[in-house]
Structure formats: C-alpha cells, structure tokens
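Copied from Swiss-Prot, the annotated features are:
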| type | residues | note |
| --- | --- | --- |
| BINDING | Ala11, Tyr12, Ser13, Gly14, Gly15, Leu16, Asp17, Thr18, Ser19, Ala38, Gly121 | ATP binding site |
| BINDING | Tyr91, Ser96, Asn127, Arg131, Ser182, Ser191, Glu267, Tyr279 | L-citrulline binding site |
| BINDING | Thr123, Asn127, Asp128 | L-aspartate binding site |
Amino acid sequence: MTSGVKKVVLAYSGGLDTSVILKWLQETYRCEVVTFTADLGQGEELEPARAKAQMLGIRPENIFIDDLREEFVRDFVFPMFRANTLYEGTYLLGTSIARPLISKRQIEIANLVGADAVAHGATGKGNDQVRFELGYYALKPDVRVIAPWREWQLNSRTALLDFAEKHQIPIAKDKRGEAPYSTDANLLHISYEGKALEDPWVEPDEDMFTRSVAPEKAPDEPEYVEIEFAKGDPVAVNGQRLSPAALLTELNRLGGKHGIGRLDLVENRFVGMKSRGVYETPGGTLLSVAHRGMESITLDREAMHLKDEVMPRYAKLIYNGFWFSPEREALQALIDSTQARVNGVVRLKLFKGSARVVGRQSPNSLYRLDYVTFEADSVYNQKDAEGFIKLNALRLRLGTIAKQKG
C-alpha cells in the first residue's frame, strides 16, 4: 500500500541501493523524501551523498549528514567491548552495533521534520532489516516503515544497475570496471559480501582489502603498543589520551599496519540462512585482546566466568537487533557493574597478523606474586590444599563407590 505517506526519512548512503530507493520512493509513494546520512567513520567523503541527493531532487533543508563518530564509539562500541563480545566465537559485530544508532538518529530526525514514515535499504534476506526496524519500533511504536526490497520487483543487483542507468543515477565502480562488493564500513570495521565471495570456497582477492596489509607483507619487526583502560574503557594509546573516536582510529592504523583483524566468516543470520562475509576489524581486534588482558588481572574469577557465560546471549541480542530491549539493558547493567576495577595498562606485541598480550599492570590488580611464586613464601600454607581437594573430590568418590556396588 503506497498511499497515506506524506514525508519519509530515508537512511541514505549515496550508494547503489539507497540511491535507487530514493528515486523509487519519489515515483511510487509520491511523497517528500528526507535523506539522513550517518558519518560513523566509514572513511569516505560524504559530501557526494549530499550532491547526489540534490541531483535527485532533494531540497537542501531535507538533507541531513550527521557526524556520529564519537557517539558511536563512546555509547555503542565501548559498552559492547566491556563484555568481550563475539558472535559465534569470532565476529566482533561491526555492522550490528552500528544499526541501533542509525535507527535512533533516524527517528529523531523524523520527529524533528514531522515525517510519518522511515525507510531503509536493507534487503528482505538479511539481518539489517530486522535491526533497523526493531530500533524504529522500540523508539517510535506507531511509525510506518517502508522497506522497498520487500515491495518492489527489483530483485537483483543487475536490476538495480539497470534502474540506475535508466534514471541516470551515477554508481561507483571498482578498479576493474565492475560494480563493487557489497560493503558496510564504520570506525569499527568494514565488511565485504557478494560477487565471488558468495562461493565459500573462493579465497578473497587481496586487492579487496582496504584497512589492512596482508600479514605476510606486514613489517618484519614487531611493534609494541600500550593501551590504558579506565573502568573498562580504553582512554589512551602509548600514553596519549584520546577521544573515543580518535583512539579507535589510532588502533585501526596500528592494527592495519601489521595485518591484524581480518576474518573470513560463514555466519548464521537471524532470518535462518547462512551467509559468507569477510571483515577487517584491526582496531577492534587490538581492543578485544587488550580488554581481556586487562580483566585477567583485575576481575574476580567468578565475576569473569559469569561474564563469559552471559556473553553469547548478549552477543546474540546485538546481532539480532535487540539493542533497545530490556534484556540487553539488564545484561549491560550486569556487565558494567564488573568494570569499576578494570583499570590499568596492557602492552600488546603486534607482528604479521597477530596481537598478543605481553604485559599488564593495574592499581587494582588481584595478581599477588607473594602467593603464586615458585620460590619460598610465608603467606600460603600448601598443606591447606589437601582438605580443599578432598572436599571437592567427595562427590566423585561417592559416585564411584555407588557404581562399584552396582
């Protein structure tokens, strides 16, 4: 149903999909279109998106390009990294964590301009449609959502290219003259999907990567980097205090220089199918390794293990789009409550694709040399271990005795 919409706010990147959607909304809904482009540190000039929107008939006052980099890292990336979050054991959720912020700002703009609908460019096969729309409905329950991929007949990238050519919409080309990979980029990562990557057996072309050198071509000498944490969040790199966005930018530079953070993954989408994606997350990988190293000497054992138990659930909530859900907020409160003592400095060694913790120190350290030393000590009576072991072995002994009796 295409009637009843007077003004719609479109999440607009200036790329193929959303440029076609912009024109399609104008033709199909005959409504006023407001474009919103989020600067999340994707590393590209955003003014062309403004120019393209104007070329397609959008009035200047209806074009919003917002710098959200600091908010993105401070309020979304850092809280997620406090949990050491990994989806299916490997994915650092670079795409997933950006969607709640985009949804939030899109709804704010809709309220500001009096729009009665919002629209996005996510396909009907992927996770992003769910992530965007769960955010919309959580923040504005009565909003109308337009999802063109679920309405139109343009059911392939070839069809989109034909539509763009017909309407003289300029589309970016890669260096071989073909339509580029489907990508998503922000300060945390860049992802690649489509084209040859749809065959999970095919190795990605090296010229696809933009944020990291090939590990085998990384410097032949290791580099050490120190990351300082305060209450679980990074605040400085090599002694220099930086804003959240600047800090992640610097970690991206360091990690990318040493070929760190590449991931080739087949993941389970929320909608039920498997998909293959290739990711570059250099700074996020350094941050993940360092934060875990910081927790290793500052967190109580059972608090750490509890975090490890809830982390997969927390990661699944973010991956599936439930950032604004009460259960995610409850888990966040638990996670944040563990971070007050996660303070100190972690030293990493970067070398040809690897990042290893080689040093850590904290004013809140629970590591006690006088207790763990292999040398003589006066604080720990090793005889105490005997009773501890026997008590923990009691159920095992009783179980075996019962089995022996038949």
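Each Cβ is built from the backbone N, Cα and C atoms, and glycine gets one as well.
Keep in mind that this is a model prediction, so the values were computed, not measured.
Taking the mean position of the Cβ atoms of Thr123, Asn127, Asp128 as the L-aspartate site, the remaining same-chain residues with a Cβ inside 8 Å of that point are Ala122, Lys125, Gly126, Gln129, Val130, Arg131, Arg269, Val271.
Under DSSP, Asp128 (L-aspartate binding site) is assigned to a helix (H, G or I) in the three-state scheme.
Counting other Cβ atoms within 10 Å of each Cβ, the lowest count among the binding-site residues Asp17, Asp128, Glu267 belongs to Glu267. Within its own chain, Thr123 (L-aspartate binding site) has Gln129, Trp149 as residues 6 or more apart in sequence whose C-beta sits under 8 angstroms from its own. For the pair Tyr279 (L-citrulline binding site) and Gly15 (ATP binding site), the Cα-Cα distance reads 19 Å. Each residue contributes its Cα atom, and for Arg131 (L-citrulline binding site) and Gly121 (ATP binding site) those atoms are 12 Å apart.
In this structure the alpha carbons, written CA, of Ser182 (L-citrulline binding site) and Ala11 (ATP binding site) are 16 Å apart. Largest Cα to Cα distance within the recorded ATP binders Ala11, Tyr12, Ser13, Gly14, Gly15, Leu16, Asp17, Thr18, Ser19, Ala38, Gly121: about 16 Å as a whole number.
Cβ neighbour count for Tyr279 (L-citrulline binding site): 26 (other Cβ atoms within 10 Å of its Cβ, all protein chains included).
Annotation note: Gly15 (ATP binding site) sits in a coil segment as assigned by DSSP. Taking Ala11, Gly15, Asp17, Gly121, Asp128 as the binding-site residues under consideration, the smallest Cα distance to Ser96 (L-citrulline binding site) is found for Asp128.
Of the recorded residues, Ala11 (ATP binding site) and Asn127 (L-citrulline binding site) place their C-alpha atoms 16 Å from one another.
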